[in-house]
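Taken verbatim from Swiss-Prot:
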type     : residues : note
ACT_SITE : Asp69    : active site
ACT_SITE : Glu128   : active site, proton acceptor
Amino acid sequence: MAVSKFVQIRRDLHKIPEIGFKEWKTQQYILDYIGTLSNEHVEVKVWRTGVIVKVKGKNPEKVIGYRADIDGLPITEETGYEFASVHEGMMHACGHDLHTTIGLGLLTAAVTERIDDDLVFLFQPAEEGPGGALPMLESEELKEWKPNIILGLHIAPEYPVGTIATKEGLLFANTSELYVDLKGKGGHAAYPHTANDMIVAASHLVTQLQSVISRNVNPLDSAVITIGKITGGTVQNIIAEKSRLEGTIRTLSVESMSRVKSRIEAIVAGIEASFQCEAVIDYGAMYHQVYNHEALTREFMQFVSEQTDMKVITCTEAMTGEDFGYMLQEIPGFMFWLGVNSEYGLHHAKLKPDEEAIEKAIVFLDQYVKWKGTRK
């Protein structure tokens, strides 16, 4: 059965997921597609493994930006797709293949029928880590094309196709990675008194960290500490000299993030004293909260509700992390959820977004951009 042009693009991209700042094939695919548009009004810049594209307007007064993240995840795919990932251990499990496809569709529409204002498309690498939004924002390549307004989307498996969901103000949480390395003294399992067991130390640390949320964060605020991975030890009869905890911190307020980190550091110091070990904390990458510009978001929601076929839902804040928050710190704009109706959620090996959402998104975003970027 034949599929539409942009569904095929999505499937092509789905087959070649690549992790942060290694998206060479994805970058080339984007460049090759843009090359087919070959228009005198299109300018292209390459930034690391990303692509920045400008469509010059007929009578520009402002620059409207669309950001699409392009990277995949280190997940082994279990969708059963005929077009499943050909890169072992990697998958587009967060919908960035759809985000990119929608961006290319919107770009195509912009070239076909130019508007008054300039349009800039940011095909951004490394959203899943270590973070591409901030360095792209600060790059020389973007400096002269910096948008005055910027928008981004993220697929939402829980919402049906034909819907978007967003809200004014805070949409996504502050997030930070968390790594704790513990080093004690190894030894024989028969002589525990001669060793400092880092498996036991790690176990105590995990349970104590949960008290940070229940006893140190305002109940009217929200915060989550998740330890997703613990490693330590070599075999069953040797007391572990080292262990490592890996997780994330998520808070709705900047103040809570600071408070949570302070309490983590105090608890880790207590573990060091209790188990006579050494501990090193590394917070890795941190993403700023996604805070939607109130007036622009309100205007967008009203436009979509009244002038397109899409249904608009006012959602609540999510503990999701997104480095698009850095762009919204400097550029007025907004992000929204796009319904894709999948049984399985984001970062799941069986995530299967409904491809019907692609064409719907391209159509209504083209309507919005033409309305926003044309002199009345």
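Every residue gets a Cβ built from N, Cα and C, even glycine.
As the structure is a computational prediction, the values presented were derived from the model and not from experiment.
Its Cβ placed at the centre, the residue listed as 'active site, proton acceptor' has 21 other Cβ atoms within 10 Å. Secondary structure from DSSP puts the residue listed as 'active site' in a beta strand.
The separation of the residue listed as 'active site' from the residue listed as 'active site, proton acceptor', Cα to Cα, is 9 Å.
Taking Cβ-Cβ distances under 8 Å and a sequence separation of 6 or more, the neighbours of Asp69 (active site) in its chain are His96, His99, Thr100, Gln124, Pro125, Glu127, Glu128, Gly132, Phe324.
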